[in-house]
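Participant: First the structure, then my questions, so here it is.
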Amino acid sequence: MQAQGSQSNVGSLRSNCSDNSLPNNHVMMHCDESSGSPHSEHNDYSYEKTNLESTASNSREHRDNQLSRLKSEEYVVPKNQRRGLLPQLAIIPEFKDARDYPPMMKKMIVFLIAFSSMMGPMGTSIIFPAINSITTEFKTSVIMVNVSIGVYLLSLGVFPLWWSSLSELEGRRTTYITSFALLFAFNIGSALAPDINSFIALRMLCGAASASVQSVGAGTVADLYISEDRGKNLSYYYLGPLLAPLLSPIFGSLLVNRWPWRSTQWFMVILSGCNVILLTVLLPETLRKQDSKGAIAQILAERRIQVDNNERGEIQEDYQRGEDETDRIENQVATLSTEKHNYVGEVRDQDSLDLESHSSPNTYDGRAGETQLQRIYTEASRSLYEYQLDDSGIDATTAQVTRIRSTDPKLARSIRENSLRKLQTNLEEQVKKVLSSNGGEIAPKQVSAVRKVWDTFFVYFIKPLKSLHFLEYPPVALAITFSAISFSTVYFVNMTVEYKYSRPPYNFKPLYIGLLYIPNSVTYFFASIYGGRWVDMLLKRYKEKYGILAPEARISWNVVTSVISFPIALLIFGWCLDKKCHWVTPLIGTALFGYAAMMTIGATLSYLVDSLPGKGATGVALNNLIRQILAATAVFVTTPMLNGMGTGWAFTMLAFIVLGASSVLIILKKHGDYWRENYDLQKLYDKID
């Protein structure tokens, strides 16, 4: 009886332990030790071992599939078609779409760009511990040495406008290699400068050369990652320009403690030289052909299409009732377009994914009339498309039509017919104007050399200034305002640390002053890594809840914590120095400051890139322009402000400025979606292009 009972228990145990949900080759007994099975522990181990082996096998297979892309013609651009300067020297192939790179390769490119982005800010701060030595050797004043720092910062802010434009015309790789090769040469000049005037001039050129990555770097990250993964990787990239001002005084103090001040410049020569080699060998071209003007226009059009779905459906029904009459007008417009194509040949599709859709000097070969006609007919096509989908289609080439809505079919049909007639009339007038201005010839056979030189000069030097029009877009202007104010406080803090700790009652040597930047460097690093993940999580959560990606989702509790911490950190730092507290206590303020600054700057940078589809590098260039102007101002006014107001009250004023500026984040959070849906961003893009 006992044996039978035992067999019955075992049978029951087997029945309870079988897992029919597993595949046949993975079915195992998996029971608790209390069940009394002598093989349960062994089976648990076998099950876990099988799972681990399966996971490892899948991981290896996934990695092999990722690496196989490097040799696949489906992903890789042929060697003879690769873009950029010296593409044959790059060991990493160019992909047809930069977002198809394996994850580890994307990370490597991001960290390479982050390393490059350290060059500019490091060149500024590395001479902080050497200011007194430079003053002594050149027999000049501290103010003149500060001028060399200020002009460096100004050029670091102004020149990204041109570098970002060059990167969109010639590609990222060409821009990086050219700029850092120039930086290498100018750093040699700075190390050999015979007097303060030449030193100031060469420092300005160094700032201009190192400025490329300050704007193009964010564009490179946008090339590689979709919006949901962009915040985290932008934070990795932004470690470079934000950690450099904090780490470079440490390097500078170590160098000045052992060698003369010129060693700081020779250190920059070595660093920039290594960077040129790394960029040449490891950086492929990442500028996406998929981000052409046509693709960007499609994205913006889709945004506007989503705004008024219900009304659009009603209007489409009304338009259908009046189809016979309106088709006649549309056919007349289409006939004009056909005649134009017969006259000048086939016009490239504006939605082409070819990189040549970007403007370049080659497009200015005397075919100005043809280009103008292409623009007119492209705008006309877009207007017709908008009229078919939405009654609010307002075109750049036509007189603005009052936005009238009606549920009366006859009135709606009349409004649409009138709008289309205006479009037809304006189109005919503009075509006649272009043809008459060119004497009936669209493509003159010969173009003067002077005109070609002027066109090239315009594209590379004048046209980048048009990017200032982006400041007309409220989300861009507001985000840049807060980002610039936050960034300028970094230089107020850095200059104050060097100024106050080198004087009584502290009297620190340059080596120890450099080490004082460690607390905020640590919190910078922490906030950069986890802050980027935080903003990506917020964006994904918003998409899961509402089904769309909204840049405003990046501004949430992450920014609230930093806005609260920011003024507190400045007050602790300023008043502890003012009251001559123990040297450690002001560093509590700098540590908290590092977290607050990085969290806000990182979130606003991600927001800025997401707000300008396909123009992230240009947006970041504008951001750099404004923030570096304020940073240069901080360099010039910090010492007089500390002497005139006292450290405590000076940083109290800064705390209130930051607190007041944070109100723009509330405005962005509340009204960002309204501007995104109602502002015609495509018109702004057309104005810049």
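Keep in mind that glycine also has a Cβ here, set from the backbone N, Cα and C atoms.
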Participant: From Swiss-Prot's topology annotation, check whether Lys579 and Arg173 share a side of the membrane.
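Facilitator: The record shows them together on one side of the membrane, with a shared topological domain name.
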Participant: Can you tell which of Ser8, Ser167, Ser436 Swiss-Prot marks as phosphoserine?
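Facilitator: The residue tagged phosphoserine by Swiss-Prot is Ser436.
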Participant: Please report, as numbers and ranges, the same-chain residues at least 6 past the borders of the transmembrane segment (587-609) whose CB is under 8 Å from any CB of it.
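Facilitator: The answer is 218, 221-222, 230-231, 234-235, 238, 242, 246, 475-476, 479-480, 482-483, 486-487, 489-490, 493, 497, 516-517, 519-524, 526-528, 531-532, 535, 551-552, 554-555, 558-559, 561-563, 565-566, 568-574, 576, 616, 619-620, 623, 665, 668.
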Participant: Would you kindly check 109-131, 176-193, 266-283, 476-493, 559-577 and say which stretch has the most C-beta pairs under 8 angstroms to the transmembrane segment (649-668)?
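Facilitator: Counting Cβ pairs under 8 Å, the winner is 559-577.
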Participant: Out of 109-131, 176-193, 266-283, 476-493, which stretch has the largest tally of CB pairs under 8 angstroms to the transmembrane segment (236-256)?
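Facilitator: The stretch with the most contacts is 109-131.
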Participant: Considering only the recorded stretches 109-131, 140-163, 176-193, 476-493, state which has the highest number of Cβ pairs under 8 Å to the transmembrane segment (511-532).
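Facilitator: It is 109-131, which has the most Cβ pairs under 8 Å.
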Participant: Which sequence positions outside the topological domain 'Cytoplasmic' (132-139), separated from its termini by at least 6 residues, show Cβ-Cβ distances below 8 Å to it?
Facilitator: 145, 195-196, 199, 256, 260-261
Participant: Would you report the average pLDDT that the model assigns to the topological domain 'Extracellular' (578-586)?
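Facilitator: That region's mean pLDDT is 91.
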Participant: Provide the three-state DSSP residue tally for the topological domain 'Cytoplasmic' (669-689): helix first, then strand, then coil.
Facilitator: 18 helix, 0 strand, 3 coil
